[in-house]
Amino acid sequence: MAAPKVAVVGAGVIGLSTALCIAETCPSCSVMVLSDQFSPNTTSDVAAGMLIPHTYPGTPIHVQKQWFKETFTYLFAISNSAEASEAGIHLVSGWQVFKNTPKEELPFWSDVVLGFRPMSEAELQKFPQHRFGQAFTTLKCDCPPYLLWLEKRLKATGVQMYTRKVADLWELHSEYNIVVNCAGIGAHQLVGDEKLFPVRGQVLKVHAPWVKNFIRDGDGLTYIYPGIHRVTLGGTREKGSWSLSPDPGATKGIFDRCCSLEPSLWGAQDIKVKVGLRPSRQCVRLQREVLSQGGVKLPVVHNYGHGAGGFSVHRGTAKEAARLVGECIAALQGSSSRAKL
């Protein structure tokens, strides 16, 4: 069989990292990324890129932990390399604070991040509204530079990228042997996934270079994440909203809530508002499927539905998707060698 041709649909962090994992693990493949949007116009460009896992109710915890650990290990190595600045990856320390002590004082990911511990009484005095907190060091990905770094890595491994709107995966069957669906919220229409829904997120990107530590309210709604050049303030979680227009009321609410956690932010300058639609479902859809029409088969691997947690698990799910692509290739090679007998 000739070199298998693989199309990856979608160019957010999931699509690009999946294409990279496929190119690394299946070097005999010819890999193409097809998307109607590339950075800086993807949902991933809006994301804060903090490695603090979101929990998927429909996925076993040990699987989620494995995905997070693989992603953390991968990005930690980049943060310790000469490419850290170009890739936009750095360590950041801070606090997750709670108004009431959470049921789970030790989250499943506590031994993956660095130096996880309960906050001291002295630290908690900074947050008079909160009674309990956790201190740790994690990784932060500045998303636009990281996506550009991934694109550069892809080009270096021979992966090609094309701007193309794919309306139906089947339209690719005559050009590609395997299709990988990393369409994010686009999968709602692309494959008619009714279990996938948008959770609208609005964030502010501000200039506040004195803010060095992250602060996250345990409810996940209010957060302050310092990046290399700007600080991300959030946020909103509006289930089922498809609107990409900034809401001035939400902007004021986000800014006021963040200033109540970190009063120095009243001096923040140059506020930019960004909106993205998190592709949410009960669990990430990470599986093989075979589409067939009139006796013609098209192997498909799905990797989408990461919701608010895409950056935290992107490398882990990309590795698993690449493994599934490897299974598809083995099945194709098996059937082509049987056809010759």
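Cβ coordinates are placed from backbone N, Cα and C, and glycine is handled just like the others.
What TrEMBL says about a protein is an automatic prediction, not a curated fact.
These come from TrEMBL:
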- 1-19: signal peptide (SIGNAL)
- 5-324: domain 'FAD dependent oxidoreductase' (DOMAIN)
- T43, S44, V166: FAD binding site (BINDING)
- Y223, R278: D-dopa binding site (BINDING)
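For the signal peptide (1-19), the list of distant contacts is 26, 28-35, 37-39, 42-44, 47, 143, 146-147, 150-151, 154, 159, 161, 166, 169, 172, 175-184, 186, 190, 303-304, 306, 310-311, 314-315, 317-318, 321-322, 325, 329, 332-333, 336-337: same-chain residues at least six beyond its ends, Cβ to Cβ under 8 Å. This prediction places the mean pLDDT of the domain 'FAD dependent oxidoreductase' (5-324) at 96. Neighbour counts of Cβ atoms within 10 Å were compared for the binding-site residues T43, S44, and the top value is held by S44. For V166 (FAD binding site), the Cβ neighbour count at a 10 Å cut-off comes to 19, with all displayed protein chains included.
The two recorded residues, T43 (FAD binding site) and R278 (D-dopa binding site), show a Cα separation of 7 Å. R278 (D-dopa binding site) sits 9 Å from S44 (FAD binding site), taking the Cα positions as reference. The maximum pairwise C-alpha distance among T43, S44, V166, the residues recorded as binding FAD, is 19 Å.
For the pair formed by Y223 (D-dopa binding site) and V166 (FAD binding site), distance between Cα atoms is given as 35 Å, rounded to the nearest Å.
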